[in-house]
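Just below is one structure, and these are the notes that go with it.
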């Protein structure tokens, strides 16, 4: 799915990440942890090609990202669902239109997929809020809408950057249940979080590997988790 | 990408612009002042383009008329005592007949001379009472004749004959009219470039104002062409509508100009005649085409700067 080999990322003359190697396989569940500023978001951006690696090889769906054109990157992104911490919606569109945005920009007929859209909105529990504008949603509702938008295209990989950062414990459990459910449907899931309790709780429900960024390098977390 | 592929891509884009995509249009929010700016610019420029077009076509007609009226003609004027005028006229005719480069010459009749003088002296002019010189109309061949040589020969054979080589002094007027027509076309080109520049600025402002839209749509897999198309469609339609209004207003203004009169055609003949009235119809689609290219290139350039 996504493979990084000896990848480094530099910015402003200094290395943010170095010697990163990882293979995300189909149906896998990974957590990525580390303190704030460790480079978790940078790592995810490398995975969905928002940033280009300074060194090393990044392969997405068996394609070398460095060799991909802008259109090919756009097409590859349709197979990756991304949930940002800050969600990033278009505030002039309704919640339903925002969730359907990946369908719209890929030229698919949203009306023909209306039933799937309704089901998905119901699955994340936003049926009542679907005609509202994003600024009218609470933090948890925004995260669920972002998750729905990330999965509407049926992606192979889901990357979530602190998806539970702005929500209470109950809501974070609900969001994680949705991600576990997607993983059981065969999707690869990578969740970046610094919430160790959330990781421990989720590991009880799914076979997840925990990775940690420490000193700019990626490590497999030990028994402390 | 081959030229054929590019043409196919452009044709597809034009078809999609004409057809529209409501969902895609919704993705980019209305862009406020840039919309008004584009429509106003297109309208104003179309208004000016109508006048530049009218000027260019009118001066073109003027140049053609002068050129055809003066095409390779000149006049020999014979001013001699009354008893010698007939002999000198015949002598001058003989000189002209044997001059290389002169296609033909013809003594103008009294009636023709009357008509020439009528604007100044009025009708019923007693020509026989006035010392009016005799006039010979000379028509040149393609390459013309040696004017200096002809003057010397006329001075020898018919001392009262003077060559009035008016093509020589009126030709600069024809050249001036042709240059004025060229300037009209240059003005139209400049209007087109200015329109493109203004629309480029407006498009870039709209793109900058929609940085979040661009970022989010790229994040969910939008191709650059998709994002550009949403802007291109808007600016093209605005330019088309603005230019249509400007063209109608400009055409009405041209139609209301005083009609041309033979005596003052140079000043009052600005406007369109006959099928030339169809020319302004080309302005709105051309403005739309300019807006299409300007917005598309601005959008793709801007999007290329976004990861």
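Cβ atoms here come from the backbone N, Cα and C positions, even for glycine.
TrEMBL assigns the feature transmembrane segment to one of the listed ranges (B:158-182, B:183-207), namely B:183-207. Sequence-distant contacts of the transmembrane segment (B:37-58) (same chain, six or more residues past either end, CB-CB distance under 8 Å): 180-181, 183-185, 187-188, 191-192, 194-195, 198-199, 202, 235, 238-247, 249-251, 253-254, 269-273, 276, 279-280, 283-284, 287, 291. When Cβ-Cβ distances below 8 Å are used as the criterion, the transmembrane segment (B:183-207) is approached by residues 31, 34, 37-38, 41-42, 45, 48-49, 52-53, 55-57, 59, 214, 231, 234-235, 239, 286-287, 290-291, 293-295, 297-299, 302-303 of the same chain, each at least six residues removed from its ends. Taken together, the residues in the domain 'ABC3 transporter permease C-terminal' (B:186-301) have a mean pLDDT of 85 on the 0 to 100 scale.
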